[in-house]
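Engineer: Attaching a single structure in structure tokens format; questions to follow.
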Amino acid sequence: MDSTSRVEQPDPNIVGSEEVGGGGEGTGTSSASVATEGGQSTTLSSAPPSRYESQKRRDWNTFLQYLRNHKPPLTLARCSGAHVIEFLKYLDQFGKTKVHVTGCPYFGHPNPPAPCACPLKQAWGSLDALIGRLRAAYEENEGKPESNPFGAKAVRIYLREVRESQAKARGIPYEKKKRKRPSTSSSVATAGSVTAAEAGGSGGGSGGDGVIGQQPSTAPNTTV
């Protein structure tokens, strides 16, 4: 962390539940009274923000505070990918993931048998999710996608280096989740069901629309 960048009071809610416990904001519903034609008042309640939206708001406010406390202070318009990387390195001091150094006897050991003096850092998955939330928050606050510092190439390269170095140090490889393709046998069975249903329908008979074969929902391809 560069000595020119300091934050007086860090926000413990940054990065999410994996590294630092979230909290702080309430999730209560907001309500408003509306008068109806008969003179009676009806209370309308708005749904509370989702956990993702609440965390994204906290992350955004914390980053803005980081810019204000920066020496010298930074404005969002002057923020670059280098400042984002500086912010991510600053967060390592609040991390809870043990990352073994090269000289440690447990380097590359997924389950160390004993504790060691290696530093605690932010896990790659937490930083990757944090950048995703801040990137979305930047554009939601009237930022232009082409000038989004959280989507800078330097930030992507830094995250990739963190992922690779932590995978070697912890002995835990990161693998992308692959989409599951439907097997050939299930496709043939579905086609057979459709043919049978068409044959049954041609023979006459009234009835409502039925579900012939519901396709399995595919899980979204997310990078963790």
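Please read every residue number as a count from 1 along the shown chain.
Cβ from N, Cα, C; glycine included.
The compositional bias 'Low complexity' feature in TrEMBL is assigned to 28-39, 183-199. Per TrEMBL, compositional bias 'Gly residues' is recorded for 200-211. For 214-224, the entry in TrEMBL reads compositional bias 'Polar residues'. Marked as domain 'ALOG' by TrEMBL: 51-178. What TrEMBL lists as region 'Disordered' is 1-56, 170-224.
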Engineer: Could you pull the average pLDDT for the domain 'ALOG' (51-178)?
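Structural biologist: Averaged over the domain 'ALOG' (51-178), per-residue pLDDT gives 92.
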Engineer: Tally of helix, strand and coil residues over the domain 'ALOG' (51-178) according to DSSP?
Structural biologist: 77 helix, 4 strand, 47 coil
